[in-house]
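J.: Please see the structure below; I have some questions.
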């Protein structure tokens, strides 16, 4: 009798210890009732699809999968996802699969040299236009004296074979058996559409199995204490889900200013605090204000088509300045300079361009305000014919500034720029000699960046008399043009200038509001 009693006690103790272990382990993971149900369901399923998991756990598919993802974060379950690319013909693709590609239709219809007018008479003009480029690209025809001339080599292409392989069915890449570049070309031609099919499988991990084996009790839990529960007194009989104070909160991405705009605003604030006036101006400027007023010779390489966006329109030249600017270019005028020599052309000067620098704004402002003192700056966009790469774009921001007053000197210029860069957070600033057609002396400011060394950030100098005298400016003018985007890349730690203009939501969310 005593032996049976002891066995019963030991058995009950083992059951209690097992249940206690399960409770402790379950509370350790802070599992919700949904997570517990999914974990129990997974124990009996090897690899469960979302539908199978929902059925086994007796929950909606969205609810069961949400619980599965939470279990995955805790290491108790694993969610595997495979993505399959499915390709199918668009309506236009189905049409050409039956009728033939535009280039095939045309090459089969002509036997010799044919003009574009003849093609447009026989075919839809849109089809003829599309086909011409592809005929040349595939080597089926050439263009000679405005005539399309067949080469006699128009074998069936891989793209045509790929269209036939669809047979009005959506297929995977392997089922098509076509070259990836061929399929990509068909996608670009909007003849094939690509969609992604995601397939998920959920399984329990060894850690999850241990937890289930230890025992899990599924009880209805209340996640939120409501006023109704308090009023009715039902809260006394409810089991509340415990808080896990160690769980990291979800990140909050509040509204904030774009990092690039924030830096521009910071630069603006620095110059305003230093007593400068901000100025604005038109993006379209005459060559007179963009080049000639700045003593830039009319045969200067910067004026070439490959560097400047030239417009078909023209502007009237300012009567009060054009003759004096002309004299400065041809013989130096009353400045004591010899000028550039040659004949200065009003026709060239009146042609409009997209401003290649914002100096066009500051020189115009000085001409309108020739009396000292003047402290003005502009942060605006300039335009140049640049090939887009990690360090160049056709549009870019420039910080332009001028100081004009009696007794201004070169050392004042260096002091002003040093103060600006120090306020921007750069401790080490230096200046290297430079050359610009409209300033003398000229310098290039540089800042020291850890890991990069000395980085050049623009140009500066004192306006030459050939610039100021024709405009009636009597006192020295300190001037600078600084690269805003390059400075922003340094401050934001970017290696690609294009990232400043991309809509990269993840980068925008994670960008720091302030940098210490």
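Note that Cβ sites are derived from N, Cα and C of the backbone, with glycine treated the same way.
All TrEMBL annotations are machine predictions without curation.
What TrEMBL records for 359, 398, 399, 400, 438, 463 is L-phenylalanine binding site. As annotated by TrEMBL, Mg(2+) binding site applies to 440. TrEMBL lists 260-490 with the feature domain 'Aminoacyl-transfer RNA synthetases class-II family profile'.
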J.: How many other Cβ atoms sit within 10 Å of the Cβ of residue 400 (L-phenylalanine binding site)?
T.: 26
J.: Cα of residue 440 (Mg(2+) binding site) to Cα of residue 399 (L-phenylalanine binding site): how many Å, rounded?
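T.: Distance between the two Cα atoms comes out at 20 Å.
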J.: Under a criterion of Cβ-Cβ distance under 8 Å and sequence separation of at least 6, what residues of the same chain contact residue 359 (L-phenylalanine binding site)?
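T.: Spatial neighbours, sequence-distant, of residue 359 (L-phenylalanine binding site): 294, 400, 438, 479, 481.
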J.: Within 10 Å of its Cβ, which one of these binding-site residues (438, 463) has the largest number of other Cβ atoms?
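T.: Of the binding-site residues 438, 463, the most buried by Cβ count within 10 Å is 463.
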J.: Tell me the Cβ neighbour count for residue 399 (L-phenylalanine binding site), meaning other Cβ atoms within 10 Å of its Cβ, over all protein chains shown.
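T.: Summing over all protein chains shown, residue 399 (L-phenylalanine binding site) has 23 other Cβ atoms within 10 Å.
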J.: On a count of neighbouring CB atoms within 10 A, which of the binding-site residues 398, 440 is highest?
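T.: Answer returned by the neighbour count: 398.
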J.: Which of the three DSSP states, helix, strand or coil, fits residue 398 (L-phenylalanine binding site)?
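T.: For residue 398 (L-phenylalanine binding site) - judged by DSSP and reduced to three states - the answer is strand.
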J.: Is residue 359 (L-phenylalanine binding site) helix, strand or coil when read with DSSP?
T.: helix
J.: If you pair up every Cα among 359, 398, 399, 400, 438, 463, the residues annotated as binding L-phenylalanine, what's the maximum separation in angstrom, rounded to an integer?
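T.: Between the most distant Cα atoms of the L-phenylalanine site, 18 Å.
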